[in-house]
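**Q** First the structure, which I've put down as structure tokens, then a few questions once you've had a look.
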Amino acid sequence: MDVKSLKLGGKYKIGKKLGCGAFGEVYLATESHTGEEVALKIESNKTKHPQLIYEAKLLRMMKGKGIPDMRGVIIEGDSNIMIMQLLGPSLEELFNYCKRQFKLKTVLMLAIQMLERIELVQNNHFIHRDMKPDNFLIGHKKPSYIYLVDFGLAKRFRNPKTGEHIPWKEGKNLTGTARYASLSTHLGYEQSRRDDLEGLGYVLMYFLKGKLPWQGLPGRNKKEKYERIKEKKKSTSIESLCEGFPSEFAKYFTYCRGLQFEDKPCISDLRKLFKHLMKKKEYEYDYKFDWIIKKQKVCKNTIHPMGMSGDDYKRKLMEKLEGDNYDRKRKMKAVENEEEKQD
């Protein structure tokens, strides 16, 4: 796929690659007239199962807090291109940045926001079907704001015309990511609302433990590996999985696994479960996630030209602008540009 040759109606200038996956690739782009930065998600329309057009239609319906803004779709040659709001790194990338361990406070603050995103999706009668750290991103300019992305595998759980729930089925292939898939998904059952919640539970334990018990199991092929993951997941009790962590996590899994196929989960109660734990631990929901604290420490310890710390250097630059008739926004922009030159 020769991305640089795409014309995009002359509206966008393509920049660096931001990421790639089974669906295709994501690039940074700049809007030609406004200079606004956006993300371009690009896939070949010759793939066996193109997902981008479907995802774009779904995002048009799914507008709300923590769902990325979809700006439009372009079909050019063999490529489907979706223009989206530019976001920051994924929770997987931030987990690695924090040396693969999040503190309990960060995990609880994440859990509350992530449950809000799942609730919004389910209120629109969809299930996501691919809970994993890679599919939760922070805001480009709001590093404490969590977005749920990648709706290529999402599915309606309710018929929009009749209001009926999708029927129970067995013998289904695994859809999603095996590491975080619910036990019911491994057993070949049709997914419903309960499965996204159980999958989120595994994501939270992954953040707390650094590794899940079924990670790294060998297998000669994907089918054998999935089978081993399923068996290990079946044999790992909730108590064993959550051992050493507050009982609220075991209560969360017990609730999720106790839901029946068509049950509507009470997500507000699950949020309260984690909010009460925060209160018990005397944590304040101050949006100071581990990656933000680490970045602040790095900035504070960074020595800039003239031997000044990051904070002192920024203050000195601001003093240089004193007396000018810049507004606050232009002042901060000047500081950022100056700092970029030093990087």
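Any Cβ shown, glycine's included, is placed from N, Cα and C.
So TrEMBL lists these for the protein:
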type: BINDING; residues: K41; note: ATP binding site
type: DOMAIN; residues: 12-279; note: domain 'Protein kinase'
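Give me the lay of the land around each of these features.
**A** Secondary structure at K41 (ATP binding site), as computed by DSSP, is strand.
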**Q** Counting only residues 6+ away in sequence within the same chain, which have a CB under 8 Å from the CB of K41 (ATP binding site)?
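**A** Once residues fewer than 6 apart are set aside, K41 (ATP binding site) is near F23, G24, E25, V26, L52, I81, M82, M84.
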